Amino acid sequence: MGTNSISWALILPFALTSGFIWFLLRNHRLLNRWTLRRQDLNAVQAAHATPTPRIGGVAVVVSICICFILGSLEGFRTDALLAFILSFFPVFAAGLSEDLGYHVSPRGRLMAAACSSLMVIVTLGIWIPSSGLAGIDFLLGFSIIAIPFTILWTTGLCHAFNLIDGVNGLMAGVSTLIALALAVMAQQAGDQTVMTAALIVMAAISGFLVFNFPMGRIFMGDAGAYTIGHILAWLGISLAVRNDDIAGISVALLFFWPVADTLLAMFRRWSAGKRHDQPDRLHVHQLVMRGLEITYLGRARRHVANPLTTVVLLPFAGLPILTGMLLANHPLLSMAMLFLYGIAFFMAYRWGIEFVRESRKTFQLQKA
């Protein structure tokens, strides 16, 4: 891929996304009328203090679609490319409806994500081919197992990306790093198509980050988070399908942070006897932000604690991504690192819970 092509894949999506968002913010009256939701401030998981538009993801997704079509993504047939773009619609529409105030339950959004994934499987005929691990690959050799597993994986990722979209820049930052890692892995495998697609996604999200981090002038919203999760999940699967030397488990390692946070939330709610879709304020980013407020900043400086949480967490979220990229063709090592990161994540979370509790007690004693 030539330098000009790489420059195009980076500059145009960034310019389109940032241009769209700039236009939306400039026309604030129209934006406020249709997109501000004051009830978000009262949500259990809220991490901001002023009403903020939630349609930044619309600009990102529209930019990605335009650049996919203009770029024609050599290696993808036109009909296949259009089928992939059309698969965005169910999950995007469900997320956008929620962003505009037309309540869509978490189950409804998950069903929409599953529908989007099923569209890819039916129209493109691809699903998770293998993991690089013999025992798992034997099971994935049966389509009756591989197809439901693929739908579960991709649908879960859509929801996972939405769950980590709680502070300025975190979800977008993690997504940018994953897209970059996919681009590097594709380049090393000689897959220019996936590399170009991943660069487009990375650049489009970066155009959003300019307005979202650190001050949070606009949010990604459910439409953006769910659709980006869908796109990245299927780019990862496509990379593994098209390149035998890329281990599926290594690709999975790129998505460690959103998956780990989601699994922890499910376990936390199950152990507390709550519904799995009942929101709380115990996600990792919420825990870190609360710790920063209690120990250093105070609640009055949440506008500082919010983006600072991303600065603290992004290096940790990026470490498994870097590991998966470096171990792209080493499935056993990738599996071992996945296991170690899982243990470290759980232990760090338990320590964080205790730290926040002790810090709160100390603060209350000092205040008394």
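Cβ coordinates are placed from backbone N, Cα and C, and glycine is handled just like the others.
Pulled from TrEMBL:
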TRANSMEM  6-25  transmembrane segment
TRANSMEM  55-73  transmembrane segment
TRANSMEM  79-96  transmembrane segment
TRANSMEM  108-128  transmembrane segment
TRANSMEM  134-155  transmembrane segment
BINDING   Asn162, Asp222  Mg(2+) binding site
TRANSMEM  167-186  transmembrane segment
TRANSMEM  192-211  transmembrane segment
TRANSMEM  223-241  transmembrane segment
TRANSMEM  247-267  transmembrane segment
TRANSMEM  304-326  transmembrane segment
TRANSMEM  332-351  transmembrane segment
| Where else in the chain does the transmembrane segment (167-186) make close Cβ contacts, counting only residues six or more beyond its ends and a cut-off under 8 Å? | 47, 161, 192-195, 198-199, 201-202, 205-206, 208-209, 212-216, 220, 225, 228, 232, 235-236, 239, 243, 246, 250-251, 254-255, 257-258, 285, 289, 306-307, 309-310, 313-314, 317-318, 321-322, 324-325, 328
| task | Take a look at 108-128, 134-155, 332-351 and tell me which one has the most Cβ pairs under 8 Å to the transmembrane segment (223-241). | result | 108-128
| said: At a C-beta cut-off of under 8 Å, are there same-chain residues at least 6 beyond the transmembrane segment (79-96) that contact it? List them, or none. | reply: 55, 57-58, 61, 65, 68-69, 72-73, 104, 108-109, 111-113, 115-117, 119-120, 123-124, 158, 162, 221-227, 230-231, 234
| query | Top stretch among 55-73, 108-128, 192-211, 247-267, 304-326 for CB pairs under 8 A with the transmembrane segment (332-351)? | reply | 247-267
| message | Looking only at the recorded stretches 6-25, 55-73, 134-155, 247-267, 304-326, which one has the largest tally of CB-CB distances under 8 Å to the transmembrane segment (192-211)? | response | 6-25
| task | Report, as numbers and ranges, every residue of the chain located at least six residues beyond the transmembrane segment (134-155) whose Cβ falls under 8 Å of a Cβ in that stretch; write 'none' if there are none. | result | 110, 113-114, 116-118, 120-121, 127-128, 230, 233-234, 237
| Counting Cβ pairs under 8 Å that sit 6 or more residues apart, are there three or more between the transmembrane segment (55-73) and the transmembrane segment (6-25)? | yes
| Same-chain residues six or more away whose CB lies under 8 A from the CB of Asp222 (Mg(2+) binding site)? | Arg54, Gly57, Ala94, Gly95, Leu96, Glu98, Asp99, Val104, Arg109, Asn162
| request: With a Cβ cut-off under 8 Å, give me the same-chain residues at least six positions beyond the ends of the transmembrane segment (304-326) that come close to it. | output: 47-48, 167-170, 173-174, 177-178, 181, 184-185, 213-216, 250-254, 256-257, 284-285, 288-289, 292-293, 297, 334, 337-338, 341
| request: Measure from the Cβ of Asn162 (Mg(2+) binding site) and count the other Cβ atoms within 10 Å, all protein chains considered. | output: 26
